[in-house]
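Pulled from Swiss-Prot:
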type	residues	note
ACT_SITE	9	active site, tele-phosphohistidine intermediate
ACT_SITE	87	active site, proton donor/acceptor
BINDING	8-15, 21-22, 60, 87-90, 98, 114-115, 183-184	substrate binding site
SITE	182	site 'Transition state stabilizer'
């Protein structure tokens with residue numbers, strides 16, 4: 001049986017402040033670092049190990065991976081960083097407080113922007129200081145690849161190439177894979193793996209710092225999936241994510 005482990009980064013400073021983060025490169029809080037280390041312990045207690053890891057080019061995910069691998073004594077394994085695993089780009093919402101945005105635009109509209117499949121938030125202007133096209137880490141991307149805003153559909157479309165061309169072949173070789181990424185890039189992968197409908201994906205929330213294990217068959221089709229840790233605490237963490245945009 002194949003086991004794939006997914007992990008959303010630990011709590012970031014903007015998670016704590018309940019702000020739309022997107023591609024902004026904010027770091028973990030002290031609690032987020034603890035979450036990352038605890039994730040490593042949960043993985044270790046489950047008897048899981050890895051041959052290779054994948055993460056984004058954003059420090060909250062990279063540092064989460066470092067902390068987890070440190071606990072696992074696996075800091076030596078290859079790590080592939082890719083912009084394709086970045087959080088979805090929240091466009092002009094990036095940096096705004098979610099509750100304040102809900103009070104301004106209404107909870108229903110903000111839920112559509114946060115969780116719908118094909119409705120992106122308002123776009124950034126290219127002269128906005130938040131535009132990622134001036135960031136060195138994206139220097140090799142074509143202008144069309146640099147988002148001004150993204151819906152989940154856009155995130156799926158940029159994530160799947162690295163899954164199909166890079167990660168999936170490694171799994172088929174028998175390598176044990178860990179993916180540390182973000183709420184929406186992981187939602188994109190979960191939607192693909194579980195074949196979740198565009199309507200049902202609205203209700204999927206992934207908490208910070210809790211390992212999600214997928215057991216896959218030889219065709220990489222899910223047999224089952226489950227979070228590692230105290231199930232009641234995990235349920236509360238999922239509910240907390242769902243309630244972030246309440247006015």
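Note that Cβ sites are derived from N, Cα and C of the backbone, with glycine treated the same way.
Shown on the structure are the features that Swiss-Prot records.
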residue	record	Cβ contacts under 8 Å, 6 or more apart
8	substrate binding site	180, 181, 182, 183, 186, 206, 207, 208, 209, 210
9	active site, tele-phosphohistidine intermediate	28, 32, 36, 58, 60, 61, 63, 64, 180, 181, 182, 208, 209
11	substrate binding site	28, 29, 31, 32, 35, 208, 209
14	substrate binding site	20, 21, 24, 26, 95
22	substrate binding site	87, 88, 89, 90, 91, 93, 94
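Residue 183 (substrate binding site) falls within a helical segment according to DSSP. Cβ neighbours within 10 Å of residue 98 (substrate binding site), excluding its own Cβ and spanning all shown chains: 23.
Cβ neighbours within 10 Å of residue 183 (substrate binding site), excluding its own Cβ and spanning all shown chains: 20.
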